[in-house]
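Comments concern the structure below.
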């Protein structure tokens, strides 16, 4: 019982102990840790190479070696062997090679790593590089023979061969190592530098290169040290003659590698003095094309006395060689020149930067030529190979010349790989590495790259917009667009303010006088006449003067005003001009005979208050519109006073003209016809106190065949007694309503009558016109003989002047000064057709008598060039309205040549012919015509003009003032009348008046 219990207790006590032992053992385990890392090693000697690696851990870790990340198999015939302590043995290391051995060039055998692992983890050591020692056979630079002078510095060059590790250079002299003396000997980069040459430095020198792979010895170089000599006699060196006998190409040395450079052997012969040159130098250069500039000579010191080797040349070049002797600083003459052409070799380097770019069904191949030192001749072209694959066969192309690109057509998608090689005369060189390009179908590329299409297009657009030509094109287009816009705006604005068709004139009187001298291109009737309704003018709120010569449809009526009533401004405005000379005059006949007005008592009327506001022609600020006030001088003032009133202190050509005075025959005829017309006017509901007498004047007929001043006399008129006609109240005058629209230009003020008329009669007044001779005294412009603006026509008088009823009679004056019975004439515009009974009176009164004296009735003045609207008044009332049939008759008359229609006799004869064709109509418009405002009277008017003096007519030319003054001075000095009678003109006028119309024709008034 007791023994059994002890065994049980003993069994129970061993279990915890076992657990403690197990836990203690587990507590001693640890992960592996590398204690000794492998080191870089170099094979030295024939024995195996060792690489050590030690690691710690519990349990002990397992060691494994890896080469370049790959585990080693350690199975024969693998040269690697693992020792139990983890050391790696390389049993067969690579042999130490030579320069031509390709294996010797690969000195790096790889990177070895050690890996230790157990159940707790793995540890990896650092990498160790294993390499082999290599030393090539050839020296990069061999030492050369040379001659040195005592006390001078010289250098022995040596370039050791390539090796691993880098070889060290040592110099040997005469088979023994050279003891380097500090300050005298210096080794730099393998070359030996001697600061001061001594005579003991002569000997044979050799360069030795040494590393772990062994050592290499260079060729022996002989150094000669000479004493310094006095070169006072350089004649000896100049006498040396060198003959270059031969230049031979040496075979390439295989020890120099697969790409050796050419070398030549030079042989020469020296002749001359016994003392030879101390050294010889080879001079060489490449041969240039004929006519080209030669390349510079390259110099190379030769290591021989009569022959030497020369390197540093290039294959495929033509060289020129020569030798030059030298002794210290002195140089002798050069030898002869020999030529040598080196053969070409294949290029030693492939083309560089080969690229492939896809195109539209093509592939663009481009490259860069190989470096110049690797051409080995002249590159004559390139060879391009396309490597074949499963879908594309191989192909090749030859590119001739210096072209460095090729376009290859692609027929199907796939992978394209190309190689390029340079070609010389020796053949194609080394090809480049293959460059591949994968071409996919358009649908596949679109499905694979849907998101790249948009950004690529945007980027391409940005690049295109940044190009200079695109920016310049956009700038030019924008500039042209702005220019076109500006031109359109300018044309639209100009279309609103442009002047109407027709001729235009300056308001300067000098320009007018010069313009009147040439009328070869002027038409008798202007094509710019406008027809303005008289009722519209009268009902408008604007002043009458602002309506003169303006078209209601013209928005710029102020600018197109046809009259300027103030003094001429320095700036000459441009106004329309029709180059016609037809004017008219309106005179108001009082019912009673007024006394002749004097300068102290002016016989004028004041402007009514309701018309005072309309005295300004227009409210525009335009300079021309602001000067349209009536400024015609009053006839009641003396010429001198009127001259001062107009501020004319001196006589000028442009603003001075003689005051023409009418004859008594004209005054008598006007009063007589005025008495006739009052009978017709008295038939209206109200009594007419005053009547308007209209004088119509045809413009002067210019003689194109002569530029001389031609004078024409006024017809004579007998004296008549001054009687006072009865007066009537102005308030009883009835207004006459307009019957037809008219384009008549209205004056701004009535013209007072300055001469008395015949005794009163029932015919108080009438509208009458002067004879053809007197009608030439004025031009067809609008004016008023009142100077101020207070003498204006009342609306009733204007309406009476503009339009008369169809039943009214408008008698015309005749050339004859004798009165005749009133008869209803027929008018054609400005042409008056009398009755048949009046033709007999004209035959009896065709002749004229000399002037007996007279009083100034309404003297016409030299006036401005007529305007289009004034020409309408002078050329026909029938053109006033479009619905008037008489306008067709006036148009027929006005379409004729103005050179003969200026004659009133011919015009009247033409009117008879027109009426005989059936165009005769009753007149519907008042024959009221006006004359233009003339310049103020000159103070000289009082000198040579008298009431009894009748002035002739003249035609204008620039020197008219001088001729007039000379003619008047001569004739007045002799006591003769200033203007002799013109019998020829009177006879012609009489003959014209005696003509009778044909039977059936309408009677014509030749007055």
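Each Cβ is built from the backbone N, Cα and C atoms, and glycine gets one as well.
Note on Swiss-Prot: of 489-509, 510-530, 531-551, the range annotated with the feature region 'Disordered' is 531-551. According to Swiss-Prot, the listed position annotated as N-linked glycosylation site out of 396, 948 is 396. In Swiss-Prot, the feature region 'Disordered' is placed on 971-1007, out of the ranges 897-933, 971-1007.
When Swiss-Prot is compared with the stretches 680-700, 806-826, 827-847, 848-868, the one noted as region 'Disordered' is 806-826. Here the candidates are 212, 567, 615, 805, and Swiss-Prot annotates 805 as phosphoserine.
Within the set 360, 655, Swiss-Prot records N-linked glycosylation site at 360.
Across the domain 'Fibronectin type-III 2' (347-442), mean pLDDT in this model comes to 86. Annotation for residue 114 (disulfide bond): same-chain Cβ neighbours under 8 Å, separated by at least 6 residues, are 34, 37, 38, 53, 55, 63, 64, 65, 66, 86, 88, 124, 125.
For the recorded site, residue 114 (disulfide bond), the DSSP three-state label reads strand. Secondary structure at residue 158 (disulfide bond), as computed by DSSP, is coil. Across the domain 'Fibronectin type-III 1' (248-345), DSSP helix (H, G, I), strand (E, B) and coil residues number 3 helix, 42 strand, 53 coil. Around the Cβ of residue 158 (disulfide bond), 25 further Cβ atoms fall within 10 Å across all displayed protein chains.
Note: the domain 'Ig-like C2-type 2' (137-224) comprises 3 helix, 44 strand, 41 coil (DSSP; helix = H, G, I, strand = E, B).
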